[in-house]
């Protein structure tokens, strides 16, 4: 019984437990519908066109690039460069004699000379002269295996000129008038020799131009001097002939003398008129003194008339030539003589200036960069050439492939 009561006794209530945070609700991943899932594509099978594409790339790009690189790094011979820079200079100093004579043909800008020199450096005659002096044929055809960069044996002058334009590189600044030349050869000494000889040939050409200009100036000045001297001689001879023909040294002196004579006669005429008027007022008309005074007045008037005719169209020399005509002819001859004298003085000054110019060097070639001697080879640019050839081959291959696939898609 006691046991039953013990069982029936209620249990003591438990203390409330602290609230626990609720965990987030996680759903199980959705299972994909196996019926709607696509299987991954299988690897494409190698087809003949893929093999042909790869073979064409190897044949058109890889193999030529490999051969090019092999030739550049194993067969191509090193090339050395020698640079030289120069410009044409001219003396612009002017003397007082040049200013007087107006000789300006040997002074001024040298741009035309530089243009001539630039064309001279690419001239066939220069190449022939350089080949004769240095044997460029032997110098540039020395490498036996490098058939790409060397000059072929027994090349013609046209082929040598074309190779010259490859190995001698010319840069010309038209604004500055500076010319820079880089000569290439298979040894540094040969490159230096080419640039040194090229500078000497250019200097000789400029000196020749200067000599020709000076000689032309002297010849033209001498011709003008001879012509001016001949005109002066002719003018003086004509004036002397005029004086001998008319028996007059200076018509101006004779005219002044004649004018003085007429003035004296006019004074006498005035006195005679006064005397005549006095006699006429104090004596009769039958007075012989009146007739004598009238006769004297008539003689003076006739003489004045005759002397005035000599100054005009009268009988100055007994051949119908008046003093006015003689004076006009004389003044014309004097003007011709004075013009001839001034022309002769100017021509003589020009000739002296040309001689002065011939004694000094008005044109010369000034080198601002002496011929250099290379220590390392700068050419050929192997990496640049290899890159350019490879890129060019790749572009050709790409175009061929695009054209082939385009034709294939159209079928």
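Heads up, the Cβ atoms here are built off N, Cα and C, so glycines get one too.
TrEMBL does not curate its annotations; it predicts them automatically.
Per TrEMBL, the feature region 'Disordered' maps to 1-43.
TrEMBL lists 12-31 with the feature compositional bias 'Pro residues'.
Taken from TrEMBL, the feature transmembrane segment applies to 51-73 (among others).
Residues or ranges marked as coiled coil by TrEMBL: 215-245. Mean pLDDT, taken over the coiled coil (215-245), works out to 89 on the 0 to 100 scale.
Annotation source TrEMBL lists transmembrane segment at 383-407 (among others).
Nonlocal intrachain contacts for the coiled coil (215-245), taken as residues 6+ away from its ends with a CB within less than 8 angstroms of a stretch CB, comprise 103, 105-106, 329-330, 333-334, 336-337, 339-341, 343-344, 346-348, 350-351, 353-355, 357-358. Sequence-remote contacts of a segment are chain residues at least 6 beyond its ends whose Cβ falls under 8 Å from one of its Cβ atoms, and for the transmembrane segment (383-407) they are 53, 56-57, 60-61, 64-65, 68-69, 72.
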